[in-house]
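Step one of this worksheet: look at the structure below.
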Amino acid sequence: MADNEDDDQYRIKEGDYVVLKRGEIYKSMQIQPRKKVIFEKQWIFLDNVVGQMYNTTFEILSGGALQPKKEDTESSTDVKVAGTDNRNIVDDGKSQKLTRDDIETLKEQGLKGQEIIQQLIDNSSTFSNKTGYAQDKYIKKKKKKYENTVTILKPTCRILALMYHGREPGKICHLRYDTLAQMLTLSNIHAGSKVLVFETCAGLVLGAVMERMGGYGSVIQMYPGGGPVRAGVECFGFPAHFHKTLHEFPICNVNALLAGSLDTTSKDPTADEKQFDVAVKEEPPEAEEQQEGSPEQSMETKAEDADDDHEKLEREKRKEEKAQEKKVKLEEKRRKLAASAALLEGRNADGLVIASRFHPCPVLLGLIKFLSPSRPFVVYSQYKEPLIECYTKLKEQGGTVNLRLTDTWLRHYQVLPNRTHPLLLMSGGGGYLLSGTTVATDHSKPTVSPPDDGPAPKRPKLKNSEG
Amino acid sequence: MNFVEYSDVIRDGDVVIVYLGHNSLMPVKVQHGAQTQTRYGAIWHSSDFIGRRYGSKVTCSKGGWVLVLHPTPELWTAALPHRTQILYTTDISIITMMLELKPGSVVCESGTGSGSLSHAILRTIAPSGHLHTVEFHEQRAQKVAEEFQEHRVDHLVTVRNQDVCKDGFGVSGVADAVFLDIPSPWEAVGHAKAALKRHGGRLCSFSPCIEQVQRTCEALVDHGFQEVSSLEVLLRVHDVRTVSLPLPDFGPDPAAPAEPGATEEAPPTTVSSHASISLKTTTPPREMPGHTGYLTFATKPRT
């Protein structure tokens with residue numbers, strides 16, 4: 001209570017991006033007044049959480065309102081009678097005396113999850129014969145089902161990476177969170193550097209990079225198609241000044257930039273017009289449809305409508321306004337492009353991170369040209385084969401060392417007294433990484449060189465002795 | 001150079017990483033007038049290092065060359081002088097993410113050991129964070145403090161020479177994260193809790209043996225930590241190589257119509273010698289580290 005001002009940064013505010021958590025399930029969202037949200041098959045309203053502290057666990061009341069949960073009273077389910085083994089436990093399907101309807105009635109009466117679980121235990125004929133471990137497991141399982149709580153967390157890279165991997169792995173090219181962790185470290189992401197990111201992982205990788213940069217330095221997002229995807233970045237809820245460090249550059253302009261033929265000056269009217277044309281084609285605006293539709297319409301209405309001229313004027317005015325708006329937008333876009341191009345032109349970026357559904361080879365070979373020498377890069381791919389190709393191409397063209405093609409295995413453990421064992425083995429699904437360091441390209445071949453950092457020397461061929 | 005900030009050109013006093021070849025790195029402190037011996041000959045710092053760009057080739061006295069790389073925590077981990085068993089990049093990566101480290105984080109660590117993880121933490125929490133690291137071995141504490149100074153990161157770190165299990169981290173209520181790599185982490189859980197912020201924070205403990213994990217988890221639950229989770233990450237490095245698979249000789253096939261060109265392959269005896277398909281693939285290393293340690297993570301709730 002002493003440091004109330006300090007508390008403020010830990011309080012949930014309206015408009016905050018938060019993550020809801022129950023068990024191992026996460027869901028990201030923004031706090032909006034009177035907005036119904038669905039979480040784990042339940043409707044809830046988040047209005048009550050505003051002003052509460054982050055990491056608070058809430059109980060879901062009927063009607064979807066949330067109320068901070070009182071201190072746990074878990075000891076109430078402690079049952080001290082237990083069996084030693086299951087030799088006398090028979091699965092006759094009759095051990096639970098409560099029927100489905102009974103349970104529904106209990107729920108409708110508004111009983112707390114805890115109370116329902118107690119009822120289930122009291123009405124289970126076999127519960128007291130189960131071993132202590134089995135009783136624990138039973139309670140845990142029921143808790144998962146009947147407990148109506150949700151915890152509100154501040155989003156972090158850890159939580160969002162867990163969330164995306166659990167909910168929508170397809171959207172992030174099956175990038176597992178430990179692989180993402182490797183990427184951030186292998187590319188030496190830190191405050192103050194200039195990092196290139198090319199990703200089609202919903203913005204998760206970009207957000208992770210931005211979190212590690214802490215608003216210092218610059219991130220240039222190279223994007224394919226019409227515009228950058230940043231849904232994942234939103235979820236991080238970065239402060240406004242972070243967004244000033246974020247730049248974007250369309251990957252379709254990379255060749256032009258490398259060739260020095262990219263024109264980003266506004267003084268050249270032809271270039272401006274060209275861009276204008278492109279933009280019009282890219283996003284067919286309503287204006288165009290109106291243009292096509294309006295002649296017919298005006299012909300039809302001409303006879304009846306007296307003040308058609310007036311309407312026409314209005315329409316023209318609106319059209320002009322829209323054109324003006326578009327011009328401003330284009331100008332803004334051009335300015336941004338020029339800024340990113342200026343950042344890239346020095347070809348002195350400090351890091352490169354690639355994680356996309358595209359073939360990584362052309363992306364890597366194109367973007368690596370923007371890196372300073374002695375800088376790390378890392379490429380993610382869900383599949384190993386395209387990275388083998390990247391590896392081979394990089395070896396051919398030189399300019400890199402420390403090339404490593406890796407993947408990681410992640411194993412979780414259940415740690416409980418006398419019940420410790422590995423939980424599940426995740427393998428293969430986490431994707432592959434190719435990482436390395438750039439070096440200065442030097443065309444004059446020196447006489448002696450250090451051993452290539454390629455595959456280990458071939459082992460002596462074995463004579464086929466078994467056949 | 002600086003471990004937390006890139007620069008383009010090598011200056012006097014920098015620590016550089018000399019790349020001698022596959023898996024062969026050598027950290028060198030650059031000093032005017034100094035000379036370093038490598039297996040490719042000598043390097044004179046004044047002419048070969050100072051003023052050169054990072055990432056350049058440096059020709060040695062015997063005519064061979066090496067590459068001079070900008071230091072990063074990852075290169076340092078691969079090159080540093082071991083005074084203890086160290087943490088490697090794979091574990092460091094997951095630790096950094098699961099502890100939610102970022103610029104501005106305040107971190108407590110024990111023991112400091114050889115400083116492999118410390119450098120990675122400093123890189124991530126710079127420029128506004130701070131690392132409080134505790135090492136009970138006096139000589140090691142001294143050595144690592146010297147290294148921090150040499151690497152120009154000493155403004156971001158405080159090294160304390162004390163026993164974390166008895167005396168704690170020397171700070172309380174300030175840390176966003178605590179990392180333990182000590183033989184009996186369960187004895188330090190209480191101190192870790194005290195070091196963490198009132199608003200909560202994250203903890204990680206690294207232990208090679210499952211019995212240590214067991215005791216640590218019990219202590220964590222006893223101290224009210226939540227989200228206790230133990231895991232293990234293993235790295236697999238794939239060797240890219242071209243392999244050649246020979247095709248067996250089934251002998252002449254009388255049923256097959258004579259293909260154009262088949263006649264050129266005339267005597268069947270020679271078929272086996274050149275009929276093979278080569279392809280690019282990867283082979284797993286013959287041996288790989290199967291276990292480094294279990295990582296146990298937990299969250300300290302708001303108190």
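In case you wondered, yes, glycine gets a Cβ from its N, Cα and C as well.
For the S-adenosyl-L-methionine site, TrEMBL lists B:S114, B:G115, B:S116, B:L117, B:E135, B:D163; matching the candidates B:D154, B:D176, B:D181 against that entry yields B:D181. Counting other CB atoms no more than 10 Å from each candidate's CB, the binding-site residues B:E135, B:D163, B:D181 peak at B:E135. Under the three-state DSSP scheme, B:L117 (S-adenosyl-L-methionine binding site) falls in the helix class. Using a 10 Å Cβ-Cβ cutoff, B:S114 (S-adenosyl-L-methionine binding site) registers 22 neighbours. Cβ crowding, taken as the number of other Cβ atoms within 10 Å, peaks at B:G115 among the binding-site residues B:G115, B:S116, B:L117.
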